[in-house]
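Presented below is the structure to which this report refers.
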Amino acid sequence: MKTLLLTLVVVTIVCLALGYTLTCLICPEKYCNKVHTCLNGEKICFKKYDQRKLLGKRYIRGCADTCPVRKPREIVECCSTDKCNH
């Protein structure tokens, strides 16, 4: 009986892990509520914005397999839970 229970627990965990897909916010505005389902292998949500004083902040949000590299005058934030890139 214990073996059957353990087998069911392992199968459940494997099935849940295989079926999980990350969701991230994806829009160019400061306040965002558009949700995007990431592709298989994309395990990171990110938000990038630059600090140009005259033009204001320009936001880029999305999914990635790794955290994007920061460019000069750019801030990059990465996280790995659903809709964490607000």
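Cβ atoms here come from the backbone N, Cα and C positions, even for glycine.
Of the cysteines CYS63, CYS78, only one is given by Swiss-Prot as the disulfide partner of CYS67: CYS78.
Here CYS27 is paired by Swiss-Prot through a disulfide bond, and of CYS24, CYS32 its partner is CYS32.
Bond annotation: of CYS15, CYS24, only CYS24 is listed by Swiss-Prot as forming a disulfide with CYS45. Partner cysteine of CYS63, as given in Swiss-Prot, is CYS38 (from among CYS38, CYS84, disulfide bond). In Swiss-Prot, CYS84 is paired through a disulphide bond with CYS79, chosen from CYS15, CYS79.
The Cβ of CYS27 (disulfide bond) lies under 8 Å from the Cβ of ASN33, LYS34, TYR59, ARG61, each on the same chain and at least six residues away in sequence.
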